[in-house]
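Among the features that TrEMBL reports, domain 'ABC transmembrane type-1' is placed at 74-265. Among the features that TrEMBL reports, transmembrane segment is placed at 12-34, 78-99, 108-130, 142-165, 186-208, 214-237, 249-270.
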């Protein structure tokens, strides 16, 4: 039976304090976002820097919901992010399974191309992407954003899914195929249920990446009817002023679906990230 020494108690206290400091550092921007969104305009600069305003208001939220196009931007972001999450996760699952289970000619070349595609900054390929999509009628459309987001998120998601598949013993599907199942049946009935945590982790990553993407949304769309909320937030910035209250209120509202999504999948997400980090 181990004894608790002053040294071990001190180490635990330091560990707890360090963890608390990290959590406070991570959550402070969210707290400040909420604080500014609840601060009336007349107190925004009049009270100086305070942790909490002397008076709160919901007027900024009302203005965002009733007098701006935020509901439209919110709907567009939800459609694009959900579609991208489903398509990229499905494509990544197929690619990850193939990379983890099969040896085929050109595999190293395919993997290399996917890796190289992640090396280039997005800003240098926006113009070529625009020239590629414009003749196809995919600019100023949600479909074009879904296509671009799916293409750019699938490579990383495929490598993520590959690690999840490699963590599952091949003996399981081989046993299923010995019992008469085809490879597809073994994949659907045995392997995929075991990779639900991995699917949740991958889907969460892709959904979040699409939800917060600004560059392509801004460059490929010039119509407010198909803008997503990151591009829509720029509408709160005018030539001579910034409406911080409404911008922060819109930011809080935009965080709600992401927070709800991760609350739903958090159990699978933790399992998936743990499983993907350990092979064998």
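From the backbone N, Cα and C atoms, a Cβ is placed for every residue, glycine too.
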What stretch of 142-165, 214-237, 249-270 shows the most Cβ pairs under 8 Å to the transmembrane segment (186-208)?
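Most Cβ pairs under 8 Å with the transmembrane segment (186-208) come from 142-165.
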Please give the sequence-distant neighbours of the transmembrane segment (12-34): residues at least 6 beyond its ends with Cβ less than 8 Å from one of its Cβ atoms.
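Cβ under 8 Å, 6 or more out: 248, 251-252, 255.
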Under 8 angstroms, Cβ to Cβ: which one of 78-99, 108-130, 214-237, 249-270 has the largest number of such pairs with the transmembrane segment (142-165)?
78-99
Quick test of the contact rule: Cβ under 8 Å, at least six residues beyond the ends. What residues does that give for the transmembrane segment (249-270)?
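Here the qualifying positions are 30, 33-34, 37, 60-61, 63-65, 68, 70, 74, 77-78, 196-197, 199-201, 203-204, 207-208, 211, 229, 232-233, 236.
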